[in-house]
Amino acid sequence: MHSSALLCCLVLLTGVRASPGQGTQSENSCTRFPGNLPHMLRDLRDVFSRVKTFFQMKDQLDNILLKESLLEDFKGYLGCQALSEMIQFYLEEVMPQAENHDPDIKEHVNSLGENLKTLRLRLRRCHRFLPCENKSKAVEQVKNAFSKLQEKGVYKAMSEFDIFINYIEAYMTMKIQN
């Protein structure tokens, strides 16, 4: 609670220091962010399309890793944390393993990771989109299921990356409308 009060004070002070009519670079990029989001999601989908077939062909499992409960977390009060944790999960656990499965896809997986890092950076700069601290149970379930699948977990997680992009889109659409 104290950290949110401190954050509010810092935001207020920053706003007071900025001259009228001139927004800070961060404010300007946050104002443009909702308009840039469809382009960022399209870029993620385009890069993913280059590796989608590879991972979906290797995914021989019938279960779903990214379940409806994760989407519900994205849409609920834990949306911010669920999104943040899932981005971190893909960047730190899934993609480093995915890069090592075939030299032909390494560059594309790396590019996908860079696009995801850019999205995360923009979300963090615009605090209204990613102001969170709580843990998501649905994300924990995804991580546990991923771990249990061992090597097959990479194929499963990467083959469902398009679902993850859809969940990001649902979360951001909800945030933009609020």
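In case you wondered, yes, glycine gets a Cβ from its N, Cα and C as well.
Classification of C126 (disulfide bond) by DSSP places it in coil, neither helical nor stranded. The disulfide bond annotation in Swiss-Prot covers C30-C126 (among others).
Following the DSSP three-state reduction, the secondary structure of C80 (disulfide bond) is helix. The annotation disulfide bond is assigned in Swiss-Prot to C80-C132 (among others) on the grounds of similarity to another entry.
The N-linked glycosylation site feature in Swiss-Prot is assigned to N134.
Sequence annotations record features per position, and here Swiss-Prot assigns signal peptide to 1-18 based on sequence analysis.
In this structure, the CA atom of C126 (disulfide bond) is 12 Å away from the CA atom of C80 (disulfide bond). Separation of the C-alpha atoms of C80 (disulfide bond) and C30 (disulfide bond): 16 Å, rounded to the nearest whole number. Summary: among the disulfide-bonded residues (C30, C80), the fewest other C-beta atoms within 10 A of the C-beta are counted at C30.
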